[in-house]
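*Asks:* One structure follows; several queries about it will come next.
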Amino acid sequence: MDAELFRRSRTEIAPGAVHVPDWLDADQQRRLLEACRDWARPPAGLRTVRTPGGGTMTSRQVCLGWHWYPYGYAHTVVDGDGAPVKPFPEWLGELGGRAVRDTLGEPEAVYDIALINFYDADARMGMHRDSDEKSDAPVVSLSLGDTCVFRFGNTESRTRPYTDVELRSGDLFVFGGASRPAYHGVPRVHAGTAPSALGLTGRLNITLRVSGFEGG
Ligand SMILES: O=C(O)CCC(=O)C(=O)O
Ligand SMILES: [Fe+2]
């Protein structure tokens, strides 16, 4: 997977939605992975998310800053062990700000939420919008490990038109502006495609968001 005949280039997938291949170098990926491993530990660690309809999400998740559950945010893991959500570190906010600056321009708000999703070979994420925040600041997405198909759709429906983008380890995807309410999902993970030096079996995605909530 490391050999490449054509260099992947930065692409605007839709207005306000930008894919930047290889935004994180190997060292940055390793450091972010180490941090994810720490965050995944209990209390308030990696958990299976249950949806109100009785289903379960196939990716497993841990949150920082604010705890997301279907469908809202809380200070504690209300649908899990009840522990306080882990703090959102300042360095991660700076990384989010830099991602926006590199793609869409000067960030207008400070990042305070991270959702970290771990996908094994069979995990997927259905088409959805990130709509439980009160801010329309861009969503920043960072990928580690296995390559996936990231489906970026339209703002009206879960169906076509959409664009399938391959997200690989180290890639950045930012969606803001007119694309902030777009439906998106992960129909497929390509098992065994992670860079071997990273030492991750599976895929991690870190999405950074601005809550827009008052009183931290
Ligand atoms: O795993 C991904 O690339 C997308 C994650 C996502 O859409 C979310 O956490 O809301
Ligand atoms: Fe999402």
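Cβ atoms are placed via backbone N, Cα and C, with glycine included.
TrEMBL annotations: computationally assigned, not manually curated.
These figures come from a predicted structure and were not determined experimentally.
As annotated by TrEMBL, domain 'Fe2OG dioxygenase' applies to 110-212. Under the heading Fe cation binding site, TrEMBL lists HIS128, ASP130, HIS184.
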*Asks:* Quick one: which residues besides HIS128, ASP130, HIS184 have a Cβ within 8 Å of the Fe cation site's Cβ centroid, in sequence order?
*Replies:* MET127, ARG129, SER131, VAL139, ALA182, TYR183, GLY185
*Asks:* HIS128, HIS184: which of these binding-site residues has the sparsest Cβ neighbourhood within 10 Å?
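*Replies:* So among HIS128, HIS184, the binding-site residues given, the one with the fewest Cβ atoms within 10 Å is HIS128.
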*Asks:* Would you list the DSSP helix, strand and coil counts for the residues of the domain 'Fe2OG dioxygenase' (110-212)?
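*Replies:* Across the domain 'Fe2OG dioxygenase' (110-212), the residues distribute as 6 helix, 47 strand, 50 coil.
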*Asks:* Can you name the residues of this chain that are 6 or more positions from ASP130 (Fe cation binding site) yet have a C-beta less than 8 Å from its C-beta?
*Replies:* VAL139, ARG180, THR207, ARG209
